[in-house]
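Asks: I have a structure here, written as structure tokens, and I will follow up with some questions on it.
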Amino acid sequence: MKAPQAQWTRRSEVRHRSPVRDPLEGVDGDGCIRTGADRSRVPAVYEPVLEALLAAFAPSAPSSLLLYGSVATGQARPPTSDVDVVVLGVPPAATEPVAQELSTRFADLCREVAVGAAQVEDHDGDDDEAHGNRVFLRHYCVLLAGEDVAADWRPFPADARAARGFNGDVALHLDRWRDAVRTRAGWDTPSSLLGRRLARKTLLAAAGLVSVHDSTWTTDRATGARRWGEVDTVVADDLRLLLAWADGDATASTTDILRVLAPGRPVQRVAEAFQAEIGLWSVS
């Protein structure tokens, strides 16, 4: 389980455009993370989708059914936004049939119903990933059904630990992408999809760098591309290209992917900056 992008269904990484920026995301007066995720902000037009999700998972009695993303913050617009949910306490195999069926049924309301699975214990422990999961549950998720596991948690500081919890695995992803390219294991995945995946993750890490560098808090990929490109001007043009891949405004070719993954290119530079400024996950 992970936090916003990367996290849970964010792990499916199948959405084609960046989520609409949450204008309320930032830092509150106590230095803690603030977002606009709230049940009262969910647009009424999406209620039939949420009712269908509740009905679909009722027989499996999940621990929690949670909504996140632009629908949760009230920024979604039909039919181009996704409906993003994560289900605690069910196996991953239980979510895909529901996601496919509801995506087809509600194609007139949303681009995709993206459903991820996670386990309650994913937010337990003192490691960075578990901390990132707790931040995600507390600040980015809206409870639809089941137990509100974050109900008694205090707001989390907008700090390097939260940023590391969200994207401290960026170097691990870089290694995996390079391995997939080197062994050709990733060639069964279209280059356009692989390009979107690496662009989304890299820009989320860039947003974490911006959060720490500027003493703010953002998970917005466009902000990450723009502001980190101002800090590290060497990668400014490449970050704009990655944003276009992430948004679906440009398509990555195999040659493009090889270039951005090369030593000294944008993905490595972001990963190295993240390691230096924020730190990476400790993986045994």
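Backbone N, Cα and C define each Cβ position, glycine as well.
Sharing the record's features from TrEMBL:
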COMPBIAS  10-24  compositional bias 'Basic and acidic residues'
DOMAIN    62-92  domain 'Polymerase nucleotidyl transferase'
REGION    1-31  region 'Disordered'
Asks: By DSSP assignment, list the helix, strand and coil residue numbers for the domain 'Polymerase nucleotidyl transferase' (62-92), in that order.
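Replies: Once the DSSP states are binned, the domain 'Polymerase nucleotidyl transferase' (62-92) shows 5 helix, 12 strand, 14 coil.
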Asks: Determine the mean pLDDT over the domain 'Polymerase nucleotidyl transferase' (62-92), rounding to the nearest whole number.
Replies: 96
